Amino acid sequence: MTTMTTAAAKAAEPTRTTAIASLHLLAELEGHSSRAWHLAWNPRMPILASCSGDKDVRLHAYSFVSTTSAQGASTCKHPSFNLREVIPTGHQRTVRQVAWSPDGKILATASFDSTVGIWERIQDIDGSSELQGNTDASGPVVLSNGGAHVDEPEWDCVGTLEGHESECKSVAFSYTGGVLASCSRDKSVWIWEVQPDAEFECLSVLMEHSQDVKVVAWHPNDEVLASASYDDAIKLYIDDPSDDWFCYTTLTGHESTVWSISFSPCGNYLASASDDLTVRIWRRLDADQCEAHGLRPEGKMAGRRGEKWIAVNILNGYHDRTVYSVSWGVDKTSTRPGNLGRIASGGGDGRICVYEVTASDDEKSLQPKVELIAKMERAHASADVNCVSWAPESLNARGGTTAKIEQLTDEGETLNKGGQHASHELMSDMLASAGDDGSVKVWTLASSAYAATSK
């Protein structure tokens with residue numbers, strides 16, 4: 001069990017700048033008839049999925065639209081969102097969470113009816129089309145029952161995963177897409193193997209938590225699974241090829257329910273959000289670092305030297321009520337050395353906070369520097385913020401076809417900047433939030449080029 005060293009962690013609370021910027025609203029996406037619970041950006045297509053207590057999943061497509069200055073010069077492209085499709089999932093109760101596979105071809109839905117729904121794009125099922133994102137805002141959209149949708153469904157349910165004995169709270173694909181994890185109020189974490197033709201086989205059922213399991217999340221580049229629970233703990237799991245999946249460490253220190261967890265893009269840190277009003281940052285030390293600091297590595301087995309996760313920061317005093325969600329995204333605009341990205345947090349106080357994270361100037365220090373750089377009060381009026389989620393850095397497939405940037409622009413042009421697509425830098429500036437008011441909102445930092453060009 002990994003026990004937090006509070007003296008070290010408390011010393012690293014984030015600094016407050018003299019003037020904290022607010023967030024700039026890019027889009028407000030309404031339509032859910034009940035609270036919006038969760039969001040997921042498709043990693044391959046320009047689509048943002050949201051789920052709700054109304055049992056529907058709404059797919060919002062986005063494109064990048066050019067704006068022109070008063071002098072007639074073309075300026076930065078900003079995102080424009082439109083409702084692409086409403087999926088009536090058929091779940092009997094709330095859809096609590098949604099997740100995309102890394103190739104963007106599978107959507108999973110976790111429901112309070114204890115099941116996980118598996119959805120595939122119809123054109124991919126029949127093989128009639130290469131995976132592409134249709135972002136044409138003037139496409140075949142009609143109004144029906146107060147909400148627009150495409151004429152024909154684009155996504156179809158191809159399977160239902162059963163086994164949980166109570167509400168299913170979370171679902172997540174591994175970075176390879178070969179494994180799916182789900183968790184439930186029944187205190188269990190299930191691990192499923194993703195097979196061809198939407199076949200899923202249960203590989204393991206883990207009963208490590210003593211209470212309701214709130215969320216599961218995969219490491220961005222390793223087969224490491226994390227889960228967080230009503231029992232205030234975070235557990236990490238790996239697969240022993242000669243045996244089974246097992247919990248190799250438990251992270252303790254939170255004083256109440258852990259609602260959300262998010263790995264850093266580099267994979268060496270983990271952020272967690274809790275009912276104790278804090279966000280905590282944990283750092284992974286490899287075997288050599290453990291030896292240098294006199295710590296014993298955990299998770300050792302054949303071919304694996306082990307590691308240890310320790311608490312290094314407590315972000316306290318930034319939320320007045322439960323912190324329900326945390327998301328760690330890429331920061332492509334930072335010029336600071338040791339850039340580790342940005343953390344966003346949202347909670348029951350209706351506030352969204354954004355923190356910049358950088359490595360310490362002191363090479364001997366294990367604590368990153370954390371600075372509050374933006375804050376949005378009443379992000380969803382008086383409603384709770386249930387989820388915050390940074391957009392992906394770019395729409396690239398792992399080991400597969402790349403979604404061309406032309407699909408994201410209104411002019412079909414490729415925007416080159418320093419050998420990269422300019423929009424790749426800016427995509428990660430988008431932050432989506434979901435609230436108890438049923439709405440989904442898309443924000444950006446006031447310093448972002450989007451804020452200057454959006455209407």
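Backbone N, Cα and C atoms are what each Cβ position is placed from, and that goes for glycine too.
According to Swiss-Prot, the protein carries these features:
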REPEAT    31-70  repeat 'WD 1'
REPEAT    90-129  repeat 'WD 2'
REPEAT    163-202  repeat 'WD 3'
REPEAT    208-247  repeat 'WD 4'
REPEAT    253-292  repeat 'WD 5'
REPEAT    318-365  repeat 'WD 6'
REPEAT    380-453  repeat 'WD 7'
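Same-chain neighbours of the repeat 'WD 4' (208-247): 97, 169-176, 179, 181-185, 187-189, 191, 254-267, 270, 272, 274, 282, 299, 301-302, 304, 309, counting only residues six or more beyond its ends whose CB sits under 8 Å from a CB of the stretch. Within the chain, the repeat 'WD 3' (163-202) has long-range Cβ neighbours (under 8 A, six or more residues past its boundaries) at 93, 96-103, 106, 108-116, 118, 120, 208-223, 225, 227, 229, 237, 245, 398. Within the chain, the repeat 'WD 5' (253-292) has long-range Cβ neighbours (under 8 A, six or more residues past its boundaries) at 3-4, 6, 9, 214-215, 217-222, 226-230, 232-234, 305-316, 318-330, 340-341, 343, 345, 347, 357, 366-368, 370, 393.
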